[in-house]
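**Q** Could you have a look at this structure, given as structure tokens, before my questions?
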Amino acid sequence: MIMNQEYIKVRGAKEHNLKNINVNIPRNKFVVITGLSGSGKSSLAFDTIYAEGQRRYVESLSSYARQFLHLQNKPNVESISGLSPAIAIDQKTTSKNPRSTVGTITEIYDYLRLLYARVGIPYSPATGLPIHSQTVSEMVDIINELPKGTKIYLLAPIVRGHKGEFKREIMDLKKQGFQKLIVNGEVCEIDDLPKLDKNKKHNIEVIVDRIVLDESLGNRLADSLESSLNLAEGITYLEIVELPPAVKSEFEKNQRITFSEQYSCPVSGFQLTEIEPRIFSFNSPFGACPKCEGIGKEFFFDRDLIVPDQRIAIKDGAIVPWGSTASKFILETLKALADHYKFSIEVPFVSLSQNVKDILFEGSGEEAIKFEFHDGSKTQIIKQPFAGIIPSLQEKDRTIESVLIKEELAKFKSEHKCTACSGFRLKDEALCVKIANLHIGEVAGMSIAALQKWFSHLEEKLNKKQLFIAERILKEITERLKFLMNVGLDYLTLSREAGTLSGGESQRIRLASQIGSGLSGVLYVLDEPSIGLHQRDNTRLIETLKRLRDLGNTVLVVEHDEETIYEADHIIDIGPGAGIHGGRVIAEGNVEEIKNFEESITGRYLSGRQTIKVPSETRVGHDNRAIELLGAVSNNLDNVDIKIPLGTFTAITGVSGSGKSSLMIHTLYKAALKHLEPTSKVFPGKYRELKGLEYIDKIIDINQSPIGRTPRSNPATYTGAFTHIRDWFVELPESKARGYKVGRFSFNVKGGRCEACQGDGLIKIEMHFLPDVYVKCDICNGHRYNRETLEIKYKGKSIADILMMTVEDAMQFFEKIPLIYEKLITLNEVGLGYIKIGQSATTLSGGEAQRVKLAKELSRRSTGKTLYILDEPTTGLHIDDINKLLKVLHKLVDMGNTVLVIEHNLDVIKTADYIIDVGPEGGDKGGKIVVCGTPADIAACEESHTGRYLKQYLV
């Protein structure tokens, strides 16, 4: 029935700021919803249409299945008809789990594991030669090398790391006459087995034979080995139960030796028990590196974090884990050490010799030190080696159980590649299996572009048998690689952690996965898929969205990108303004129709009636002062030198993955911050030299991370406006008469807040088969404060009423109070006039959070010596909002500061004073400076992808 309907018909949508709107969305079309930031686009696309589609799907499942799924609340809409099953592909980062990678998300790594398990060839780490299976005769010869009189068990591993009760398997063994098993390391009689938990993994081995080695065994050993190998599909364990007394042997009691009819190196004895997909999984105990447990990283106590500021003396607290005011015991220990090695604890740490520093950090080895400890009238003298700061911290970390102390100790650790697996995450057994001379870790470390090229030539390197086995696997892998290439992610590697991806990258990965699934009849809802994408790659992304449509799906995209709007089959413009000024359908139709709607701000920009103007001249900066970063080599950077003129608006451009963030965030920002704030826990990328920091007093990274993680954080508290509002309420006559202090008007502490909801205004009710429900607190009616506090009013408004005001309303309300008004006007200047000043931080988008931070910086007293770094500040912004944002950023520069933006948006780039274009491509083919200069210089450079697209914006 749904398939025959022409439209998804939404009637009476009132979610958030939507004003009872009716809209028809054509099915099986590429539809763009546009409009100002905060106008209600996401409220319509995600909170109404997607939420209802998802809710209907989940409701159709059994109550058992529903308890594992999040059930959406019914959106505030009268009716939606013609709705298909809905899939949302939003901006949220895929996963913070370090085990989640690009390879696991896209399932390419799963196919790689299968490929290596089926056609990979194991090589001996000792000889470098291919290794082969063992025969029973070879196994007998190895066993006969054990000392005579050794007692052994021959074990057949029936179950290895699988869940279940295994009643049938145990019954079969009983019928075959076996009497003893080893279950999870414990020897058990087969008639007296413990009950196995079907939800836990188990190891079960059959004791096939118990043998004492001597010459009279005859064929018993070979027969028992064959029985064991048959039982366990070619694998058997030998366990040494007891060695004869007074016999020296290289073998040990309880040692296990694995025999396999499959793979073994006769020279080194290196063995592979199996070549199955699970040994290539870093999430399985059968494949994960035992040292790092499949993470690929180790965490070490770092000298630079233990003593972050070497300008401080030991006596004054240079050794941070031992406290800024070290205890008497520690000071006496360090004084004794100083007396022994003839150094002072009162001089800056930096002036100590390297030998003294090594002893302090690592200990005195076997050299004993005379320590004197005074306790009142008693003096205790001990002569022993000094353990060292790092070994002491390691011991504490190993033995302490307190989570809080462990978290505190973690502050002094830095991460490094695992020394056992070199960051590949896998056991040696997995890394010795190769295809075309590469192991699976090396293949996962290639960029998508390099991987596609490697697979295109792989067929030439496989024999006929391997090719026959691998044909279908290769097809699945190459298809998925092609989809990733098409969405502009050719620079990523399969081993890249999901948590390090930007919102745009993770969204495009999920988009590529959806195309790979080949579903049809689905409603896809996407949130700005063009974010983080260079103009060059935008065309490929749009073609991908159209391909999704051509599979028979409805593609609904919330988007501001002009090219995407032009390519859409149908456009819905929500507005006209943001917040309470939005929530209406202003215009509908194709791009030419949208241009003609006078009320549509989008239409004005599309038609050229309104534009972002190119500045008539560019700034040259402060007397040729500049920050110079030399020899940057972090990630893919190729020994890069850059010069950033101070007092300018500088844009860093380049295709996705070219090295912009590596250069600006991971190297420049972190290096400058480390210099200005030595105690900060940041690890800059490698570079040779950083000059010009004497010209700045602050460096600020205004990013899109949340301004708070609880409902109590809000724009008013973050910007400091709420502090002044509370101060104002305390000074009111009624407050003074009652003796109220500032804490009375805080919802974070006892006194004035409602204790029933602890100042949240909501009470969480846990449901079993349904999602948790938040209901308005019936004591304070959602106002957060108790009745006495709410009785204090200014101009007829309580403090709770003020928190419910929009920024615009609050500005009018407090226009005569400069301290509050100045904080609020900056929020309005960055285009956030529509948000409520008490709006929960958890409900703000990344772009809104970034602009709240920007507003906070604007409200500070400027020194004119600040360097601001913003990574894609146009994320989530309509072109009209970008126009407002540019005025704010240029205002910061006019105050003498330097603004550095990493940006793809050409309307922003064209207004820059100076541009640094990184590239020319992404990944290994990037990391170089293509061109630097004014927008005109960039546009004139033929090698610059940015310049090619910028040219038409400068006309």
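Numbering starts at 1 and runs along the chain as displayed.
Backbone N, Cα and C atoms are what each Cβ position is placed from, and that goes for glycine too.
So Swiss-Prot has the following annotated:
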- 35-42, 654-661: ATP binding site (BINDING)
- 322-601: domain 'ABC transporter 1' (DOMAIN)
- 621-951: domain 'ABC transporter 2' (DOMAIN)
- 754-780: zinc finger (ZN_FING)
**Q** Among all the protein chains here, how many other CB atoms are within 10 A of the CB of GLY654 (ATP binding site)?
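**A** Other Cβ atoms found within 10 Å: 28.
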**Q** For GLY35 (ATP binding site), which DSSP three-state class applies?
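**A** SS state of GLY35 (ATP binding site) = strand.
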**Q** Let me know the DSSP-derived helix, strand or coil state of LYS41 (ATP binding site), please.
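**A** DSSP assigns LYS41 (ATP binding site) to helix.
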**Q** If you skip the near sequence neighbours and keep only those at least six away, which residues in the chain come within under 8 angstroms of SER658 (ATP binding site), Cβ to Cβ?
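**A** In sequence order, the residues whose Cβ lies under 8 Å from that of SER658 (ATP binding site) (at least 6 apart) are TYR491, ASN636, VAL918, GLY919, PRO920, GLU921, GLY922, GLY926, GLY927.
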**Q** Give, as a single whole number between 0 and 100, the mean pLDDT over the domain 'ABC transporter 1' (322-601).
**A** 90
**Q** Among the binding-site residues SER37, SER39, SER656, which residue has the largest number of other Cβ atoms within 10 Å of its own Cβ?
**A** SER39
**Q** If H, G and I count as helix, E and B as strand, and all else as coil, what does DSSP give for SER658 (ATP binding site)?
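**A** DSSP call for SER658 (ATP binding site): coil, neither helix nor strand.
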**Q** Return the residues near GLY35 (ATP binding site) by Cβ distance under 8 Å, restricted to its own chain and a separation of at least 6 in sequence.
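**A** When sequence neighbours closer than 6 are ignored, GLY35 (ATP binding site) has LYS41, ASP573, ILE574, GLY575, GLY582, ILE586, ILE601, THR602, HIS878 within Cβ distance under 8 Å.
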